[in-house]
Amino acid sequence: MSRRLVNRARSSIPAASQSPAPTSAVQTVEYEPPSFPLTDAAAAKLGELSRNRETLAYQVQIKESLRQLALAVYDVNSRLLAERNRLEQMRTRRQDRGTDKLPEEDRLEAHVADLETQVDALSRRCEAATRSAIDQRAALEDEATLLGELYTTATTRRTQEPPEEQHGEDNEEQQQQPRYVPSTLESLREGASRKRREYDAMPHYQRYALDNDYISFKKLCHDGIAGDDGPPLPDASRWFRDDGTPILSTATNTNGHGAGAEGDGDDDDDDVAVAREVISLNCPLTLRLLEEPYSNKKCKHTFEKSAILDYLGNSTGPMQCPQTGCAEMFTRRNFNQDFYLDDVIMHRVQRAKQAQDADEMDVESEAGDEV
């Protein structure tokens, strides 16, 4: 049989056999919302979910990220400060000697100017990342709170249900009528959306400036920029503009003679008193230089860790802050919640030790020259 005949034979096959037979129209089922509350088993599962600790590792990572961001912004700004000081010393020596500027000074000036631009950009990125990490931590906390609320609602609804077996025609008619029960999933979504709106509606001052991790970031950033002889950190009320834009100190707007862009220069006596108090690097209990400084989150006073733990002892009740004139109370049981390792004080102690070592070396050098 020729190919033409084969093709003709194929084309003669009825078209109906090539297409599926028509089917009847698909009948859609009207959606029925959930009609029953969660069972005891489902409510128990929801309770387990609200107490789930799997997010603890995530929270620990966020906490460590916040600390590393603060340390990073301190490192880059303190290195810039060291280069600026080196340039200033070079200029001072040249002026004292009355000599011309050397190419080395020109290169250092260009290096410092370029470093200022890079450090400023890195500082702003670290600040934005710090706020983002705080937002993520708040979302985790809101999620745990919301799951707990859903579990409480589910268990309360179970206890308020009428008995299933009641006699009477009225009860039979009520059982035939569908009773609407809110979907737990929809409640979760609506609650998450509500908490997000509430969080976004908070002013930046309340959202960040009162957060201990953000406060630590600001302190370390300012400490790296200004050093020991710089102006004090402006009040937290000056950390954000009215539109929420952060006001971040940089090496160009906080240097030696003013309060920087974050302040208006009219610090009152209370601000000065607090700044002078923080500068003290001796433990109020041991009267020695701090080695492992732990500060209280409420009163901000700093102590040697071992000394404050010995002071609290094994007492179960609250004890008054040992700093003279402070009425704040805290307990040994809540030590990890009330105290934190103060990296700002730690860096200041390290700089004080380095300065002391340098002074001792100068004294030894002068003594050797005299001999």
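Even glycines carry a Cβ here, placed using N, Cα and C.
Because TrEMBL annotations are produced automatically, they should be read as predictions rather than curated entries.
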Per TrEMBL, the coiled coil among 105-132, 189-216, 301-328, 329-356 spans residues 105-132
Grouping DSSP H, G, I as helix and E, B as strand, the residues of the domain 'SP-RING-type' (268-354) number 35 helix, 16 strand, 36 coil
